[in-house]
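Q: According to Swiss-Prot, the protein carries these features:
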type	residues	note
BINDING	GLU62, GLU87, ASP114, ASP136	S-adenosyl-L-methionine binding site
ACT_SITE	ASP136	active site
BINDING	LYS140, ASP172, THR210, ARG211, TYR212, GLU213	substrate binding site
Amino acid sequence: MTESSIHDPLTIRRLYGRQQGHSLRPKQAELVETLLPQLEITTEQAVSATDLFGDDRPLEFEIGFGKGEHLAGQAMMRPDHGFIGCEPFLDGVVGLLTHIDNNQIKNIRLHRGDALDILEQLPDGCLDRAYLLHPDPWPKARHAKRRFMNHGPIGLIARKMKKGGEFRFGTDHPIYCHWAMMIMGQRPDFEWLAQTPRDFLQRPEDWPQTRYEKKAREKGHEVWYFRYRRV
């Protein structure tokens with residue numbers, strides 16, 4: 001590994017934090033045992049709309065889906081699209097499986113692990129939308145390279161998106177907000193869609209609220225919603 005690659009966020013594969021929290025309840029354990037194997041994407045398989053869903057439907061991708069509220073909501077709004085979600089933590093995976101089971105959602109596939117691994121497997125120019133909502137802000141300057149919002153990962157997202165596709169990013173952390181605006185402002189492959197401040201201070205109607213966002217609002221935090229078009 002070269003000196004430059006050591007500092008390239010695409011080479012960072014360490015996951016910080018616990019991958020499992022509390023013990024699973026019987027129903028949750030059943031979902032992991034029976035439903036997860038039907039929906040799980042591995043790093044060894046082919047990953048395309050046809051491979052995952054049997055047809056060439058539009059694809060959307062969420063990086064770190066948390067407990068799955070947003071991904072499930074988007075999938076229910078557009079049942080003719082295919083949705084891929086990646087989340088390393090079992091509690092989050094169980095949350096999404098619960099949404100899928102309760103609502104009989106058929107158009108989601110998921111990966112328990114690093115989103116970059118699956119992004120790299122996708123065909124170039126295949127994604128209609130990509131989502132990065134409330135990622136860990138890593139607020140200390142010395143941890144900036146751990147932020148997903150860096151040129152390495154964003155460049156990979158750009159390569160996997162269709163021209164005219166949309167990348168959405170949300171955060172309630174001011175340091176991450178400013179950092180994201182700096183990174184995205186340096187990229188000629190994305191166009192910020194905001195016309196007025198209201199556009200990134202108010203959640204769009206087709207942007208389901210996450211549990212994390214709700215908690216942030218309850219704490220009195222401002223939340224910022226960014227939409228970018230792939231050009």
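Each residue, glycine too, has its Cβ placed from N, Cα and C.
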Q: What is the Cβ neighbour count of ASP114 (S-adenosyl-L-methionine binding site) at a 10 Å cut-off, with all protein chains included?
A: 19
Q: For the substrate site as recorded (LYS140, ASP172, THR210, ARG211, TYR212, GLU213), determine the largest distance between any two Cα atoms, in Å, rounded to the nearest integer.
A: 25
Q: May I ask for the distance between GLU213 (substrate binding site) and GLU62 (S-adenosyl-L-methionine binding site), taken between their Cα atoms and rounded to an integer number of Å?
A: 16
Q: Is it possible to get the count of other C-beta atoms within 10 angstroms of the C-beta of GLU213 (substrate binding site)?
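A: So the Cβ neighbour count for GLU213 (substrate binding site) comes to 23.
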Q: Measure from the CA atom of ASP114 (S-adenosyl-L-methionine binding site) to the CA atom of THR210 (substrate binding site) and give the result in Å, rounded to a whole number.
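A: Their Cα atoms are separated by 20 Å.
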Q: Just checking, which of GLU62, GLU87, ASP136, ASP172 (binding-site residues) has the fewest C-beta atoms within 10 Å of its C-beta?
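A: Lowest Cβ count within 10 Å among the binding-site residues (GLU62, GLU87, ASP136, ASP172) is ASP136.
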Q: Can you give me the residues near the recorded S-adenosyl-L-methionine site, meaning same chain, not GLU62, GLU87, ASP114, ASP136 themselves, Cβ no more than 8 Å from the center of the site's Cβ atoms?
A: ILE63, GLY64, PHE65, CYS86, PRO88, GLY92, ALA115, PRO135, PHE148
Q: Using Cα coordinates, what distance in whole Å links GLU87 (S-adenosyl-L-methionine binding site) and TYR212 (substrate binding site)?
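A: Checking the Cα atoms of GLU87 (S-adenosyl-L-methionine binding site) and TYR212 (substrate binding site) gives a distance of 15 Å.
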Q: Could you tell me which of these binding-site residues, LYS140, ARG211, has the greatest number of Cβ atoms within 10 Å of its own Cβ?
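A: Highest number of other Cβ atoms within 10 Å: ARG211.
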Q: Per DSSP, to which secondary structure element type does TYR212 (substrate binding site) belong, with helix, strand and coil as the options?
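A: Note: TYR212 (substrate binding site) is helical by DSSP.
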Q: How many whole Å apart are the CA atoms of ASP172 (substrate binding site) and GLU62 (S-adenosyl-L-methionine binding site)?
A: 18
Q: Out of THR210, TYR212, which has the highest number of nearby Cβ atoms, where nearby means within 10 Å of its Cβ, if these are the binding-site residues?
A: THR210
